[in-house]
Amino acid sequence: MNIEKYTERVRGFIQSAQTFALSSGNQQFTPEHILKVLIDDDEGLAASLVERAGGRVGDVRMGLQSALEKLPKVSGGNDQLYLSQPLAKVFSLAEELASKAGDSFVTVERLLTALAMEKSAKTSEILSAAGVTPTALNRVINDMRKGRTADSASAESNYDALKKYARDLTEDARAGKLDPVIGRDEEIRRTIQVLSRRTKNNPVLIGEPGVGKTAIAEGLALRIVNGDVPESLKDKQLMALDMGALIAGAKYRGEFEERLKAVLSEVQTAAGQIILFIDEMHTLVGAGKTDGAMDASNLLKPALARGELHCVGATTLEEYRKYVEKDAALARRFQPVFVDEPTVEDTISILRGLKEKYEQHHKVRVSDSALVAAAMLSNRYITDRFLPDKAIDLVDEAASRLRMQVDSKPEELDEIDRRIMQLKIEREALKVETDAASKDRLQRIEKELSDLEEESAELTAKWQAEKQKLGLAADLKRQLEEARNALAIAQRNGEFQKAGELAYGTIPQLEKQLADAESQENKGSLLEETVTPDHVAQVISRWTGIPVDRMLEGEREKLLRMEDEIGKRVVGQGEAVQAISKAVRRARAGLQDPNRPIGSFIFLGPTGVGKTELTKALASFLFQDDTAMVRIDMSEFMEKHSVSRLIGAPPGYVGYEEGGVLTEAVRRRPYQVILFDEIEKAHPDVFNVLLQVLDDGRLTDGQGHTVDFRNTVIIMTSNLGAEYLVNLGENDDVETVRDDVMGVVRASFRPEFLNRVDEIILFHRLRREDMGAIVDIQMQRLQYLLSDRKITLQLEDDAREWLANKGYDPAYGARPLKRVIQKEVQDPLAERILLGDILDGSLVKITAGSDRLNFRPISGAFSAAEPEREDEKA
């Protein structure tokens, strides 16, 4: 016996059989040991051959058990194993059988045949008793081999290659495992047309990710099963190749190629009956490529060109261009079929077709309006993905969220149960008390507990009943789907009696039961059982941060009072606050142009009048966070080449992979305020980039991604024309100098840029009477800083007036006041705190002196109400 003539699998089995013999205490290595490890193998090649040859695997195992128990056992021996005469004959016969069949290696099936043929071996008797004959085994082996010989040490891994490395889509379609494919008739027809050609009959489905390329292949499988295809494709098998399984575990050089050749050989042997579907077709290029080895695409080319291999590929536009088009010889063997993104209307039809599958899976109902909302909202707000995939995901997640709520305890019941627990704890504490008041309280608690427990039991029963009702509806849907699948199979197989029973008996009965179950509307139901547009909108809001869900009463009031809220932070600029508020209200009411940003404004005015502060106040109002905005200081973009910092460097330049400051921020958070500060400082070319943003609400970054700006508020600030605004009188209207200011603005910016901005807002200089309110705002901020030390500031009216007068400078706005407060309030306070004059928890009264402020600390008078953080008010 030459062990090198045996395949790796057989060598492994011989080794396992030796280990088994030693562990059993047998000194002789017999055929029974070999058959035992062959039959118990996980992959089950031997067991499968026995079954296919008409044998009973259970009987083989029982016979083996009996034979192995009769073998002589030795304990305390020297672990020496001797080859028995029958096993030597079995090995010799296996080598002879392999040689006659033209095999270079002895394989598992040849060894099994030898075990059945060798009369001196007990295994022949066992297999014969279980109904296995050598003739039947040879017939099954020839069917499995399909004329191939064992030319390598890993020959067994190539048997039934299609079963191992491909999935039968037509079989899945027959079993009803595939989702229905709605629409896409044109693409499926075009695919069938290419498949019906004589040569190069290989379509490749090319389209963006998520448009339904794989669904078209599944649609083709469904059509083949239903017989809705031309004669040339009738009864064909559509097999989806699993590239991962092909490559996985191919350790040795040439093993991957061997597996792929085995797959191709099976497809070719089927004489055109098998169509191979290769999803992510670009993975063929370079798959299995090592030094000197051929990759998968080169192995496929000859068969593709001759028309021996029917193949349907699917890949994205980008990957087709990147991998397949570079290999012209591979590209010419495929005929492209372009798959476009479906329209919103088509997506709604697709969702309606899939609705039942999702209802059955999540055990909730999905309203038709939720499907319409999913298609429309995903199309509008999720711009970096494609229909129908993103709409299907929305419905799936909305149904999943609702199912979680159904499985959780209802809020009403949860509150009662918590109250019961609280009262039980109180009752136990009162039981040890002996006074009359405690006894009285105990009686009241007992009564309340009994009422609450009764209510809890009632609500729990109601909740369980509602859950059960939902489960029943889902169960009926599943039975209905199974019945419809059975009807389709019966019609295909010509079993008309069974089809009649299903079509006119079982299915109508199930439909009636389902309609009855769904029509029982529960008044005052504890559970929400239907996915509505609101649920879909909530999911969109979670994904993108864009508030598309229905406004709650509180938010409506807040939006209507927006001017007052922002006015608490921005003083004296009523027109600007009003313009911003109107834009936000338009957007939240759904009345803004869907293809433009929520609002785009240029704020013009002298320094320190609140241009940047208004932007911060808006961000704080919308997101409860001052920092929820992208602030871009345009003084950093003075050179022409700095444009690439906004949108990302083009290919070939350093920093290409990093993306742009502006585009990356908006891609990550599509709903936010964007502030371009001091816009006149930027290079004129920067404004060219903004033209598309202001007009169409989109911008293409350096990597070719389209970034959506339709949910942003764009604010640009500038000091242009400030000299006219500064010289205005206290009570003069800003409109009187608008023409002068606009003249300066037009000289700096191009008409096409100014024409795209929604509104140019002029900020007038601050009036003297505005200063008091600004002092209050600044002092509030200082108070917030001191809140950790529990120090309360009490600013008297005279001190307030003193600060307002000293900090007022019409040319510089509110910034001088900030400096005055720093010098006259913060500096003295800091010194007094460090000296220990002002202790933690003190109240400090601030009054005005002749040339400075006076601070009078009153110890231990800290105000219990912690000061409200100023930016939380907005």
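Here the Cβ of each residue, glycine as well, is placed from N, Cα and C on the backbone.
Annotation source Swiss-Prot lists ATP 1 binding site at G207, E208, P209, G210, V211, G212, K213, T214, citing similarity to another entry. Per Swiss-Prot, the feature ATP 2 binding site maps to G605, P606, T607, G608, V609, G610, K611, T612. Residues annotated as coiled coil in Swiss-Prot, with similarity to another entry given as evidence: 392-524. Annotated domain 'Clp R' per Swiss-Prot: 3-147, in sequence order, evidence recorded as sequence analysis. The region 'Repeat 1' annotation in Swiss-Prot covers 6-71. Residues or ranges marked as region 'Repeat 2' in Swiss-Prot (evidence: sequence analysis): 83-147. Sequence annotations record features per position, and here Swiss-Prot assigns region 'NBD1' to 160-341. As annotated by Swiss-Prot, region 'Linker' applies to 342-545, with the evidence given as similarity to another entry. What Swiss-Prot lists as region 'NBD2' is 555-765, and the listing cites similarity to another entry. The region 'C-terminal' annotation in Swiss-Prot covers 766-874 and rests on similarity to another entry.
Feature map: annotations from Swiss-Prot on the structure.
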{"residue": "G207", "record": "ATP 1 binding site", "Cβ neighbours (10 Å)": "21"}
{"residue": "P209", "record": "ATP 1 binding site", "Cβ neighbours (10 Å)": "13"}
{"residue": "G212", "record": "ATP 1 binding site", "Cβ neighbours (10 Å)": "30"}
{"residue": "T214", "record": "ATP 1 binding site", "Cβ neighbours (10 Å)": "14"}
{"residue": "P606", "record": "ATP 2 binding site", "Cβ neighbours (10 Å)": "23"}
{"residue": "T607", "record": "ATP 2 binding site", "Cβ neighbours (10 Å)": "15"}
{"residue": "G608", "record": "ATP 2 binding site", "Cβ neighbours (10 Å)": "22"}
{"residue": "V609", "record": "ATP 2 binding site", "Cβ neighbours (10 Å)": "28"}
{"residue": "G610", "record": "ATP 2 binding site", "Cβ neighbours (10 Å)": "24"}
{"residue": "T612", "record": "ATP 2 binding site", "Cβ neighbours (10 Å)": "16"}
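Around E208 (ATP 1 binding site), taking its Cβ as the centre, 17 other Cβ atoms fall within 10 Å, counting all chains.
Counting other Cβ atoms within 10 Å of each Cβ, the binding-site residues K213, K611 show the lowest value at K213. Counting only the Cα atoms, the space from G605 (ATP 2 binding site) to P209 (ATP 1 binding site) is about 48 angstrom.
Nearest neighbour of T214 (ATP 1 binding site) by Cα distance, taken over the binding-site residues P606, G608, G610, T612: T612. For G210 (ATP 1 binding site), applying a Cβ distance below 8 Å and a minimum sequence separation of six or more within one chain yields R385, F386, L387, P388, D389, K390. Residue counts for the region 'Repeat 1' (6-71) under DSSP (helix as H, G, I; strand as E, B; rest coil) come to 47 helix, 4 strand, 15 coil.
Comparing the binding-site residues V211, G605 by how many other C-beta atoms lie within 10 angstroms of each C-beta, the top residue is G605. Averaged across the region 'Repeat 2' (83-147), pLDDT for the predicted model comes to 79. Comparing CA positions across the binding-site residues G207, G212, K213, the one lying closest to T607 (ATP 2 binding site) turns out to be G207. The Cβ centroid of G605, P606, T607, G608, V609, G610, K611, T612 marks the ATP 2 site; residues of that chain outside this set whose Cβ lies within 8 Å of it are F603, E613, T717, F763, G813, A814, given in sequence order.
Residues G207, E208, P209, G210, V211, G212, K213, T214 make up the record's ATP 1 site, and a Cβ search at 8 Å around their centroid adds A215, T316, V339, E341, F386, D389 from the same chain. When the C-alpha distances from V211 (ATP 1 binding site) to the binding-site residues P606, G608, V609, G610, K611 are tabulated, the minimum falls on K611. G212 (ATP 1 binding site) sits 55 Å from V609 (ATP 2 binding site), taking the C-alpha atoms as the reference points.
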